[in-house]
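Visitor: Marked as disulfide bond by TrEMBL: Cys149-Cys158. If you look up TrEMBL, you'll see 119-159 marked as domain 'EGF-like'. The domain 'Fibrinogen C-terminal' annotation in TrEMBL covers 158-361.
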Amino acid sequence: MTSCPATCANATLDPFCEYGCSEGCECDDGYVLDNNNLDQVTCVPVEQCGCVDGNGNSHPGNQTWLSNNCTVWNICSNGTWYSKPNFCSLYAYCGVDDNFMPVCVCDPGFFGDGYNCTSIDYCADNSTCHQAEGHGTCTDTPGNYTCNCTGFWDGRDCELYQPRRHCADLYVYHGYKTDGVYTINPPFEFAGRPAYSNVSVYCTMTQNDGGWTLMSHDTGSLMANKTHTDYINGFGTWEDVIGWLGLDIIHGLTNLHNTSLRLDLVHCASNGVPEASTDCTYKFFTVQDKTTNYSVIIPQVCNGTEKEYYDGWARWNLTEPGPGFATYDDDDKGSCSSHFRNTGWWFDTSNRCGSANLNGIRFTCNNMPPVADQQTYLFWGGSPLGQVRYF
């Protein structure tokens with residue numbers, strides 16, 4: 001036999017072998033000597049021959065592999081290494097397979113073989129963005145999606161309920177624990193403004209379990225000479241803790257769910273009784289819409305530390321809606337607003353303007369108005385009142 005047989009390293013038989021002939025085995029036609037295994041003389045089909053790549057690494061026959069970060073495709077064929085450029089999908093990266101060999105892998109959010117990668121249609125699943133529950137809408141993007149959450153829903157998939165309807169929401173859902181001015185977003189139209197508009201309010205977070213939205217407070221005559229429209233829209237400077245929240249927004253807030261009204265009262269010293277601070281809370285408090293002139297509904301008397309006058313306001317038939325809201329320029333029956341120095345309130349005209357006006361002009365206990373005029377200022381239980389804040 002020839003001393004220069006065809007091998008996997010050189011599959012072409014050299015007819016001019018300089019070593020002449022020698023005694024031994026010779027591979028049949030179509031087979032070559034496997035020089036990758038020198039411990040045993042073996043003849044293998046030429047297509048099973050391994051090869052060595054450009055980096056000196058050995059590879060078995062017919063193996064294909066990727067290199068250079070999956071940019072080169074390689075094959076070991078007939079004992080020879082061949083290569084050509086390789087292109088993964090634009091939406092793929094160079095990863096590894098189960099045998100730790102380089103392979104094109106579709107990016108997260110895509111599916112395919114690494115060469116043809118298709119974006120997953122996340123929005124086809126109604127659980128995405130909690131579409132089925134109406135929490136948001138879904139928009140597909142290449143390999144991803146975005147949620148447009150509705151109302152107070154938030155989070156990657158609109159899974160978090162984060163309402164900002166009033167101060168109680170800020171206390172419960174957002175963890176605000178400090179008194180001060182905050183922004184709420186009432187989920188209804190009010191005073192000509194769209195739902196979810198930003199509204200500045202003053203919140204009391206440190207008293208009575210927190211989360212109280214200040215409805216009205218003054219230290220002087222802010223409530224006087226305001227028109228009916230002013231009282232509908234609201235006015236004041238909450239940074240100074242004075243203002244009137246507004247009938248339209250009060251109507252909306254008190255109709256979202258059961259709402260309480262808390263009064264913080266200050267009684268001036270009188271007839272040997274020292275000055276005292278008390279409170280009284282109406283468990284249920286609702287203001288109806290403008291078609292009723294924002295009439296008030298209070299089905300139960302208030303309760304609290306107020307003992308002198310008990311309920312100094314709601315003294316009409318509580319099984320029926322109470323009085324509407326009156327100002328000097330609108331529905332001032334009985335001239336109640338005029339009598340109380342042009343302030344606005346739910347005057348009970350069936351009972352001589354009623355027993356209270358908690359929007360009355362303020363005075364200080366050490367500088368009270370003349371006795372003859374006291375009945376036209378801040379009023380509670382038929383008597384002048386030193387101060388009040390209500391939430």
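In case you wondered, yes, glycine gets a Cβ from its N, Cα and C as well.
Set these features in their place in the structure for me.
Guide: Every protein chain shown contributes to the tally, and the Cβ of Cys158 (disulfide bond) ends up with 24 other Cβ atoms within 10 Å.
For the domain 'EGF-like' (119-159), the model gives a mean pLDDT of 97.
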Visitor: Enumerate same-chain residues with a sequence separation of six or more from Cys149 (disulfide bond) and a Cβ-Cβ distance below 8 A; give 'none' if the list is empty.
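Guide: The list for Cys149 (disulfide bond) reads Cys129, His135, Gly136, Gly155, Cys158, given in order along the sequence.
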